[in-house]
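Listed features, source Swiss-Prot:
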- Cys153-Cys167: disulfide bond (DISULFID)
- 1-21: signal peptide (SIGNAL)
- 22-239: topological domain 'Extracellular' (TOPO_DOM)
- 256-261: topological domain 'Cytoplasmic' (TOPO_DOM)
- 278-296: topological domain 'Extracellular' (TOPO_DOM)
- 322-454: topological domain 'Cytoplasmic' (TOPO_DOM)
- 479-498: topological domain 'Extracellular' (TOPO_DOM)
- 240-255: transmembrane segment (TRANSMEM)
- 262-277: transmembrane segment (TRANSMEM)
- 297-321: transmembrane segment (TRANSMEM)
- 455-478: transmembrane segment (TRANSMEM)
Amino acid sequence: MRRAPSLVLFFLVALCGRGNCRVANAEEKLMDDLLNKTRYNNLIRPATSSSQLISIKLQLSLAQLISVNEREQIMTTNVWLKQEWTDYRLTWNSSRYEGVNILRIPAKRIWLPDIVLYNNADGTYEVSVYTNLIVRSNGSVLWLPPAIYKSACKIEVKYFPFDQQNCTLKFRSWTYDHTEIDMVLMTPTASMDDFTPSGEWDIVALPGRRTVNPQDPSYVDVTYDFIIKRKPLFYTINLIIPCVLTTLLAILVFYLPSDCGEKMTLCISVLLALTFFLLLISKIVPPTSLDVPLIGKYLMFTMVLVTFSIVTSVCVLNVHHRSPSTHTMAPWVKRCFLHKLPTFLFMKRPGPDSSPARAFPPSKSCVTKPEATATSTSPSNFYGNSMYFVNPASAASKSPAGSTPVAIPRDFWLRSSGRFRQDVQEALEGVSFIAQHMKNDDEDQSVVEDWKYVAMVVDRLFLWVFMFVCVLGTVGLFLPPLFQTHAASEGPYAAQRD
């Protein structure tokens, strides 16, 4: 009694195994019947007549956009090329083969339309793996081979790094023309059901088109347009922002005082930094003379501005260090740069009242040409007063209130007049020389300060001009790529989308 369940289980397993064996035997028999060498030749096109067209349906499934090499102009993709056609020699009655409706056959054993990538860039025209084909009892053949294609892609560098590229995959039969096979699209666009997003590119569209040549009836191909848009974050952080910050340093050149002596050093340092970025760009984009990339245009624009800042800095330093002994300030320079322009540039020059005045001790004596009379009669009054006058008129006008002008005795004046006149004359000449020298120094210093202020006004003028041109140029260069539109390339012949 204990062996009864075991016997039942053994009987069921044997029955199932026998059923599977029958199905396997049916598939093996079907394979032998279909691919019998006397019945099937995989080199012959499956057509009932020489004029019959074999319709090949195609659909591209994008699995991954691996890379786009801008310098070598190559796009690498991982795709599945779905192909479907009908082979009348691969039909059977499923009831005669245990109900088998689907058969998987190795690709090398039946006829293939030998569709290859025409615009490949590495010499690999065919698919990577020849997978099995799915054949149905009605003769329909489905083949879904995977492939990694490296296709030639013409890179448009005009808006780099805000560019949008249109790369194509062109498929065509290598040995059959349009008089023998016809290539049609399953769907208007490529499939992205199993697509893995790229970190550098966004897929905008994947339209497909069937291209025929009216002048050549034997020509037909299927082309897929890969319209891809670059994600600019990487280049914005690593190229554009450093370039903009370097340009801001060039603006600070005009705000730097001329006395510090570092204006030219800063200008040349900024110019060298921009040259480094320009060399870095040349290693990324393709070496083409058809167009200049957007970031290259911006760098060239900034380098021109920095060169302009170097020239203006030389002019400003030349004006700043001018003196009355080397240059004469023209009236129009005074009128333009000292009176009119500062108002428009929001500049205000400190007035003479704001500068510290020179402190001179008050004069307690006023000496004029000696005359015969004076204002004192007694030695005590003469030596006791804080001031005395040689000229009687001065004595009358300058005597303090309550004091009585007195006259110096004539004999005293006559005795000391010779020596006194000589000393006074020498003193007057010395004082006059010192006063004239100080006056000349003040005038020269005033002219020097005027030249320095002119240099400051010129610096401020170029600062506003540089800022305006820099902002306008930056917006004018980087704004148009945000509104660019790209259409799929139609190719040299008329295209029909099925």
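A Cβ is built for glycine as well, from the same backbone N, Cα and C atoms used for every other residue.
A quick note: this is a predicted structure, and the numbers were derived from the prediction, not measured.
Remote same-chain residues near the transmembrane segment (262-277) are listed as 239, 242-243, 246-247, 249-250, 252-253, 256, 299, 302-303, 306-307, 309-310, 313-314, 316-317 (criterion: CB distance under 8 Å, separation of at least six residues from the stretch ends).
Secondary structure by DSSP for the topological domain 'Cytoplasmic' (256-261): 3 helix, 0 strand, 3 coil. Taking the Cβ of Cys167 (disulfide bond) as centre and 10 Å as the limit, one finds 22 other Cβ atoms among all the protein chains shown. Mapped onto three states, the DSSP output places Cys153 (disulfide bond) in coil. Sequence-distant neighbours of the topological domain 'Cytoplasmic' (256-261) (same chain, 6+ residues past either end, Cβ-Cβ under 8 Å): 316-317, 320-321, 452, 455-456, 459. Taken through DSSP, the topological domain 'Extracellular' (278-296) splits into 8 helix, 0 strand, 11 coil. Residues 70-73, 155-163, 235, 239-240, 243, 303, 477-478, 481 of the same chain lie 6+ residues outside the topological domain 'Extracellular' (278-296) yet bring a C-beta within less than 8 angstroms of a C-beta in it. This prediction places the mean pLDDT of the topological domain 'Extracellular' (278-296) at 82. Secondary structure at Cys167 (disulfide bond), as computed by DSSP, is strand.
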